[in-house]
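Participant: Can you read through this structure? Questions will come right after.
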Amino acid sequence: MLVTLEGLDGSGKTTVLERLRADDALPADTAFTREPTDSWYGETVTRSIEDDDADSLAELFLYTADHAAHLTDTVRPALDDGRLVVSDRYSDSRYAYQGATLADSEWFDDPLAYVKQVHEPWTRPPDKTVYLDLDPETAATRSGATNKFETADYLADVRENYERLVDAEPDRFVRVDATASLDTVYERVREAVVD
Ligand SMILES: Nc1ncnc2c1ncn2[C@@H]1O[C@H](COP(=O)(O)OP(=O)(O)O)[C@@H](O)[C@H]1O
Ligand SMILES: Cc1cn([C@H]2C[C@H](O)[C@@H](COP(=O)(O)OP(=O)(O)O)O2)c(=O)[nH]c1=O
């Protein structure tokens, strides 16, 4: 089973994943992973995040290349072995974030739909996605606004895209209020993952 954690920067995904790692309620052989990955594909993505002038379309394909390699190297082998896979960010991050960075592009009427279409023939959709829902202002403050994506204005657009994704597949998403205390957020996420 593939469970993904999604949400704006600063919504608590990394903190929650660290607690899940230490939680005996999850199978001992659970594969914890993340996107961007720490492979060389992921490193190119990190370079792009740090470049304020990066081309948005090129950036989509860097993230997508990292996802393709992540599926081959990590996700599919672990699923084939019958393991639970928990990923901190996954395809929905691309749909929401690159759907927003490409909003001004002359090429697409509906960038989110385009990004989904690019993935559809070959990706492995999550079985369940825990969405840590946070307002963009708190997200920008918590994340420290350390990269070009972490402004409240941009994150507001990303959040709208996440809402579209949740509306389209309400059965896949479990929404968790990320403004609650860390312990409360963690309990909700734990219930969703262990369920
Ligand atoms: N529910 C919460 N309440 C208060 N602070 C939180 C909460 N969740 C996360 N934080 C804090 O917000 C910051 C960003 O959290 P992090 O787990 O790195 O988020 P993400 O991985 O989603 O960017 C950290 O300083 C973390 O301690
Ligand atoms: C995986 C992914 C991340 N991102 C963005 C979200 C983050 O701003 C940045 C780095 O991701 P990440 O390191 O997960 O950031 P955080 O822990 O703050 O949530 O990359 C995309 O724009 N598209 C993607 O497909």
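Placement of Cβ uses the backbone N, Cα and C atoms for every residue, glycine included.
OK, TrEMBL features for this one:
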- 5-187: domain 'Thymidylate kinase-like' (DOMAIN)
- Gly7, Leu8, Asp9, Gly10, Ser11, Gly12, Lys13, Thr14: ATP binding site (BINDING)
Participant: Which residues, in sequence order, are found in the same chain with Cβ within 8 Å of the centroid defined by the Cβ atoms of Gly7, Leu8, Asp9, Gly10, Ser11, Gly12, Lys13, Thr14 at the ATP site, excluding those residues themselves?
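Facilitator: Apart from the listed residues, the neighbours are Leu132, Leu134, Ala139, Arg142, Ser143, Ala178.
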Participant: May I ask which residues of the same chain, at least 6 positions away in sequence, place their Cβ under 8 angstroms from the Cβ of Gly7 (ATP binding site)?
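Facilitator: The list for Gly7 (ATP binding site) reads Lys13, Tyr131, Leu132, Asp133, Leu134, Tyr162, Ala178, given in order along the sequence.
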Participant: What is the pLDDT of the domain 'Thymidylate kinase-like' (5-187) when averaged and given as a whole number?
Facilitator: 96
Participant: Using DSSP reduced to three states, classify Asp9 (ATP binding site) as helix, strand or coil.
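Facilitator: Looking at the DSSP assignment, Asp9 (ATP binding site) belongs to neither helix nor strand, so coil.
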Participant: Lys13 (ATP binding site) has how many other Cβ neighbours within 10 Å of its own Cβ?
Facilitator: 23
Participant: Please report the number of other Cβ atoms within 10 Å of the Cβ of Ser11 (ATP binding site).
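Facilitator: The answer is 27.
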Participant: With an 8 Å cut-off on Cβ-Cβ distance and a minimum sequence separation of at least 6, pull the same-chain contacts of Gly12 (ATP binding site), or say none.
Facilitator: Leu132, Leu134, Ala178, Leu182, Val185
Participant: Note down the number of other Cβ atoms within 10 Å of the Cβ of Gly10 (ATP binding site), including every protein chain shown.
Facilitator: 22
Participant: Ligand 1 is in the model; which of the binding-site residues Leu8, Asp9, Gly10, Lys13 have a C-beta less than 6 angstroms from one of its atoms?
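Facilitator: What lies within reach of ligand 1, judged by Cβ under 6 Å, is Asp9, Gly10, Lys13.
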Participant: Where's the emptiest Cβ shell within 10 Å among the binding-site residues Leu8, Asp9, Thr14?
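Facilitator: Counting other Cβ atoms within 10 Å of each of the binding-site residues Leu8, Asp9, Thr14, the minimum falls on Thr14.
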Participant: Identify which of the following binding-site residues, namely Leu8, Asp9, Ser11, Gly12, place a Cβ less than 6 Å away from any atom of ligand 2, and list them by sequence position.
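Facilitator: Checking each Cβ against ligand 2, the ones under 6 Å are Asp9.
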